[in-house]
Amino acid sequence: MSGDATRTLGKGSQPPGPVPEGLIRIYSMRFCPYSHRTRLVLKAKDIRHEVVNINLRNKPEWYYTKHPFGHIPVLETSQCQLIYESVIACEYLDDAYPGRKLFPYDPYERARQKMLLELFCKVPHLTKECLVALRCGRECTNLKAALRQEFSNLEEILEYQNTTFFGGTCISMIDYLLWPWFERLDVYGILDCVSHTPALRLWISAMKWDPTVCALLMDKSIFQGFLNLYFQNNPNAFDFGLC
């Protein structure tokens, strides 16, 4: 398996060759939360894969043959099949590969996890808007209040279930699908938005003990370096921290 810490490909780069038999390829970017979702599932299910990182400020021309809008993540199989959108990609991996199933077998429980994901849908946008506001020196009181309310809604679910994880007594797909945005709260400077949610904070602590989550934790100083360059519109941001 090629590591996640590979330099990005940008305009003028040559496209990678065919995906080797027995592997699946992920087109990714080290700091992207949506790609992070799919990488968590690849790791949790111990799926042999290779990583091709894409420079999102300087996308290769050929990459638009992988995704019509140039988004990440995209999975590519050795049969040249392409699967994109992070939740769809994660569900594909869970269905297509053996090992522990991350989505529940029970149809209702699977549906319940997908409904919970819908309740989470405002969080990615709000976290990004808070980050941009703080980085640009803008007032973000209302944004943070809105984010706190979303976290209060998630807190209520954990309290009602009386479980550590959103999927129950152990980690399942829904926990991995939510996690990337919670890992970023500290480096984004908005960790205080969960100060009022003890059950959610307990979930965050429990997630950090998971071997899959631990394996993909990003060094905070490297993440900060990426953000510093990203907000300077520096195309080298995506390779920050690599030799």
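Positions of Cβ are set from backbone N, Cα and C atoms, glycine also.
What Swiss-Prot lists as domain 'GST N-terminal' is 22-101. If you look up Swiss-Prot, you'll see C32 marked as active site, nucleophile. Taken from Swiss-Prot, the feature glutathione binding site covers K59, I72, E85, S86, and the record attributes it to experimental evidence. The domain 'GST C-terminal' annotation in Swiss-Prot covers 106-231.
If you compare every pair of Cα atoms in K59, I72, E85, S86, the residues listed for glutathione, the longest distance is 19 angstrom. Nearest by CA distance to the residue listed as 'active site, nucleophile', out of the binding-site residues K59, I72, E85, S86, is I72. Using DSSP to sort the residues of the domain 'GST N-terminal' (22-101) gives these counts of helix, strand and coil: 28 helix, 17 strand, 35 coil. Taking the domain 'GST N-terminal' (22-101) as a whole, pLDDT averages 98 in the prediction.
The Cβ of I72 (glutathione binding site) lies under 8 Å from the Cβ of Y27, S28, M29, C32, Y34, S35, I54, L56, each of which sits 6+ residues away along the same chain. Counting neighbouring Cβ atoms within 10 Å of each of the binding-site residues (E85, S86), the lowest count belongs to E85. The C-beta environment of K59 (glutathione binding site), restricted to residues of the same chain at least 6 apart in sequence and closer than 8 Å, consists of G10, K11, G70. Neighbours of C32 (active site, nucleophile), defined as other CB atoms within 10 A of its CB across all chains, total 20.
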